[in-house]
């Protein structure tokens, strides 16, 4: 594209300058060929999907933005009662969820309303309302940056952790497609009447007025999730200024038992077992992947904390903004930073740094951003 748009036009936070180049390969084969060509130049490159998890600097990007727009959903052979899908990386995630619900397939219905592309879902290891993509993920087709080869990577090879993966932490390349396996819990009643996976999130169970572990129709569960997300400004809506964001800006921190015990007694925390180390199977000719991917966690981390609680109890409330800034904490959800209409990327980074500094000063816990920051530091 000879005259690319600013990244503010391609991201949900609506900030970011103009890249040098923007390429949008139309299909899988063109994506492979284009990526290899870009990599052969040695220039800087950036992958961009739906733009819901990327915040780019105001001066743009000095290099090539490779925008993933490939589409398509293919049904694969599967055992009775199971559904297998191969989804092209550029397929919008929520459109995929809507498709599965219409067909009565269960397994990702609680992930309704999450913006972005399907290829980014395993990279970020998305999850919400008690459901994780990890539980439905079979694997991905992956174009490796270092070798230029296309590999099929099983779920166990992706180093999945809480909102992270080896793909996010340094395993450079392009996810070409994602394979998922869902359940077909069909019951009489027509489209959307199949039963959901057991409800594992208290707020969702309360919204549906059912006990934890219950099942409702996948359609009913999707509608409940979308309503909950909309109440927090977490569904893209031109009429809702709180939806001009990158979703939750900070992940819930995972800390040691000692750090968790030092917090006030009313601080929410969830006990965790020690994480399993990454398993990256052979991709290189010597039997070892040529890139050393850092593990998800190096020590016996045992508790997950609520980032929202930490932010609120550090004195930062909904709607908070720094003087003269176009960025603010969402009026509906303290985990989200929103563009109030004229924010710059610098405004967003400044507010995020302020929030992180307050939490660290008050509780000794460092919050980590969930979106990918391009040309920005906190």
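Glycine is treated like the rest: Cβ placed from N, Cα and C.
Residues annotated as active site in Swiss-Prot, with sequence analysis given as evidence: 163 (among others). Sequence-distant neighbours of residue 163 (active site) (same chain, 6+ apart, CB under 8 A from its CB) are 124, 125, 126, 127, 251, 370.
Look at Swiss-Prot and you will find 248 tagged as active site, proton donor. Counting only same-chain residues at least 6 apart in sequence, those with a Cβ under 8 Å from the Cβ of residue 248 (active site, proton donor) are 234, 307, 333, 335, 336, 370.
The annotation active site is assigned in Swiss-Prot to 370 (among others) on the grounds of sequence analysis. Just so you know, the Cβ of residue 370 (active site) picks up 18 other Cβ atoms within 10 Å once every protein chain is counted.
Annotation source Swiss-Prot lists domain 'FAD-binding PCMH-type' at 15-185, citing sequence analysis.
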